[in-house]
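Heads up: the structure comes next, in structure tokens.
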């Protein structure tokens, strides 16, 4: 194959074609057969290198070329091999960047294909398991016996009918049947009239004697309500007419018997209890005691009530002896059953004895019924918190629990109705992200972690002292490095580069700890629990049943944002440590340079204090212990204000002392010196030294404020170059120069605190024949301003040559005030378009001071261009320039004139002999 077709090991190798084609042509069958184990379907780079560069060679063989192949091996390494005539020998790897990038992509693709294959196999296995489970589910459903419709036995229907018949008997008093005749009707009418007259007479006597009782008042109110709210012909009167023959117990037992037959799980026991309570006469007093009974004590109560029907004294004796006998003969039971049985026997004794007393004294058991209800209510109010009694042994282990919630042995269908009742509340949804969870596996055990940002967050005790941990995510295992562990029980693990979670959790910006959600992996199953939490400093506590492996789980709010990291495991309660954004990064310790700077500042402060109080500094002795003094906030504020006032005063004095040479009077606005080059402009001169500049910055003056102050000073003391033209002078055009006349400003001046002072180029000054002495600078008296102006005008008229004016004080305005005559002309579309510059060409001062007026003028300009009516434009521009003049800014009409028209007597740029600038 020498000098034949190029050799390619695979299609990707041919597509990439890395290296030398000549080297590929040198491949022989022997070389191909002995090739190293490169990655299948991967490219290689072929090089044809001089032999002497690889092997120690002398003579003519030095310049012979050999084939070198570089590629990725199956063991994951990268290497280069050269053929020495017999076999391939590994040499130092040659770096081919494109080849290395391609191998990385191929390796990643192979890894993804392997994951896909494993996932597909797992999916097929799970699908098969699901099918098996579905078949098993169907088979088990067929084995479950179908519930048959409930059938009520005929004997219970007969017993219920008998009880219903007994309850419908009005009473035990028989009434004789009387034949109604005209005489009997007259007797009944007379009897009714006599009773009514008697009631009226009694009422009048009571009113006369003022002997009205509370019962009389209640009867009167009842009659008023009866006649006021119930009409004379109403169905309620008919119902009450028939009901008043029956007692309340009869009606209640009728309803209870029907409910027992229809809904009770044990109708026989319930109906027998109703029958015995009716026969014994205890009636309503029996019902409140039923929750205290067990099955055995319930039958004891029924037996004693039947015995009471025949012999009340025997029943009372047995009822009193029942608790004593139960304590003795039931001691073989376990504690929980023993307590329940004794409690039922005591309730039976109270019922029999108290019921007999009430029947003997009052003839009814209503008072006993009220007493038992009151006791139950008090007991219920005192045990609202606890839900069970725990019985413990000597070691403190709970061996049994007795629920405080009373369960009925009889008539339990009410509780079933309550359980199947209508819900009264709606629970809120919570957001969970299972894709953000992973399992942290260490030699000590397993824990839960979650992805947040570029880290995996878990509990520090789940990581232990390990530097590297295994992260299990979606069935795959990754090795990750522990990045940082703060003082809290939290660990931050760097997320591996090839691990890409489907979801990440974010920290809560506004934490709400009222309701928290804990989600974790336990035995490869996702568990989620929601509970109310309490904050204890930097920790949370909540009632959640926790298990091993939940350490490091996220504790989130209802929106799925992280609040804390789950920590403790007590079985019934959970705890977590609150996580903050500051916990993600370690607090950097100050460097040695920063510590030295702080020490220097402290020493400077001590030196300044010693300089201010030299006597104290000399006589002060070192004190071993310092007295602690309590200082209020107001004292601290006063001290800070005093210190700031002193520092600002010192700062003002220093600035005034430094800038005093530059705060000089300005020259008057004349045209006498236009042809003369101004001197002493101090171009490129440093206004302050670097030490003074830093000192001002340390005093509290920031850089931006300081630069603004320097710009203002420059604007007050410098301006455009002024030339002296002896041949030109116009008294009427005294206000010609607008830009640069009232403010002397040199745009070429450079403020530089680091560069050296440039050397100004020499200038040729036009000699003067009759120089006049300059007058000394005097402060301007505002009261004599008009007189000086008149004198100045007279001197200008008399002189044959323009003279210099006296320096004028600094003015906050720019140029001359706008005059209406300058704006009163015929405006056209071009004038309207170019009167305002583009928005990006406006200065910051224009936007701040004239922003609203500029927007208004733009609106007027747009309207004028659309309607071709420019009558309102002059007044608007005049108002804008007037506002600009008052703010110390240049008018916009003046800017247009300055831009379109060069200044008079402009002689072009000045010629200097400075260094040339070479541009590349």
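Cβ coordinates are placed from backbone N, Cα and C, and glycine is handled just like the others.
From a predicted model like this one, the values you see are computed outputs, not experimental measurements.
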- Query: According to Swiss-Prot, which listed range is transmembrane segment: 187-207, 208-228, 313-333, 376-396?
  - Reply: 313-333
- Could you check which of 134-154, 155-175, 239-259 is flagged in Swiss-Prot as transmembrane segment? 239-259
- Taking every protein chain shown into account, which of the active-site residues 461, 489, 551 has the largest tally of Cβ atoms within 10 Å of its Cβ? 551
- Item | Inter-residue Cα distance where the pair is residue 461 (active site, charge relay system) and residue 489 (active site, charge relay system), in Å | 7
- Using DSSP reduced to three states, classify residue 551 (active site, charge relay system) as helix, strand or coil. coil
- Item | For the transmembrane segment (286-306), distant same-chain residues with Cβ under 8 A (at least six beyond the ends) | 269, 272-273, 276-277, 279-280, 315, 318-319, 322, 337, 340-341, 343-348, 350-352, 369, 372-373, 376, 406-411
- Message: Whole-number answer please: how many Å between the C-alpha atoms of residue 551 (active site, charge relay system) and residue 461 (active site, charge relay system)?
- Response: 8
